[in-house]
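**Student:** Here's a structure for you.
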């Protein structure tokens, strides 16, 4: 009887190996900026002895809270594949309207002298209304999001200067500053609020169907619509939420500064986009996490503080700021092996 050869054994893939590898890769991408952040922390310790002190770390966090809220807002819009440039103007106009409603005419207000609680609610309403208008123009009228929100940025900037007559608003009730001045465990409430907002949003994006819908829309809106997702409704909601978050960011900025200037929020959108993009939020939509966006915010906050402590002349700061952002991008690229979108 002839011998027969058994067929070669094919190794059976171990279940869970590939998913586990994918999870590890995703975690690495989310934290790609951590090496750059740690490098800057070490550098800061050499530049100035006070850099790693508790007081300075808390100062960095407090100064970054307002930016964090606006980056969170922009990140949500970017994940859906759209842009919202008007958020920087919402940072100025929303708290300004609240202040003008509560201040007497003698203090450059509108003389309505609304109760403080109503004025604070008005700040959120203004942000939501601006977001809703942007959403309607982009979603319902199918206008280009970049152009629409750029026009809105300019309009709101002009309205802020006109409403305040170019003046800085002072003398608002203490409630306007509470989030920035009140502390818990020696950390400003503004920092806790930003941390809570990022945590909740991150959980929603990862585990809730609304979060999955945002990624699906950003990846392919037509496919998302075919899958039964109410694309227009979700995108309109994202613009409204982004407007609300930006208005909260404006209130945090007001509390941190102690006043509302006629140029509050000016040029902030460049920093917002920088933090989001170096944090891994894709400009093409459908990619990015809140953990990554938050590391982008922290990195820019550390850079700004480091340049201040190093007593770098102000006319060099912007160039160095941009250079450090590029270096951070390259470090993130080398760390994860993934190109930025």
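Glycine is no exception: its Cβ is also placed from the backbone N, Cα and C atoms.
The following feature annotations were taken from TrEMBL:
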- 31-51: transmembrane segment (TRANSMEM)
- 57-78: transmembrane segment (TRANSMEM)
- 90-110: transmembrane segment (TRANSMEM)
- 116-138: transmembrane segment (TRANSMEM)
- 145-164: transmembrane segment (TRANSMEM)
- 184-205: transmembrane segment (TRANSMEM)
- 234-253: transmembrane segment (TRANSMEM)
- 265-283: transmembrane segment (TRANSMEM)
- 290-309: transmembrane segment (TRANSMEM)
- 315-335: transmembrane segment (TRANSMEM)
**Student:** Within the same chain, where does the transmembrane segment (90-110) have neighbours whose Cβ lies under 8 angstroms from its own Cβ atoms, ignoring anything closer than 6 residues to its ends? I mean 6 or more beyond.
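**Tutor:** Same-chain contacts beyond the flanks: 66, 70, 116, 118-120, 122-124, 126-127, 130-131, 156-157, 159-160, 163-165, 167, 169-173, 176, 243, 246-247, 249-251, 253-254, 260, 262-266, 268.
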**Student:** Would you mind listing the long-range same-chain contacts of the transmembrane segment (290-309), meaning Cβ under 8 Å and 6+ residues beyond its ends?
**Tutor:** 29-34, 36-37, 40-41, 43-44, 47-48, 50-51, 56, 59-61, 63-64, 67-68, 71-72, 75, 198-199, 201-202, 205, 271, 274-281, 317, 320-321, 324-325, 328
**Student:** For the transmembrane segment (265-283), give me same-chain residues lying six or more residues beyond its boundaries with a C-beta closer than 8 angstroms to one of its C-beta atoms, as numbers and ranges.
**Tutor:** 29-30, 32-33, 67, 70-71, 74-75, 78-79, 85, 87-92, 153, 157, 218, 250, 253, 289, 292-297, 299-300, 325, 328-329, 332, 340-341
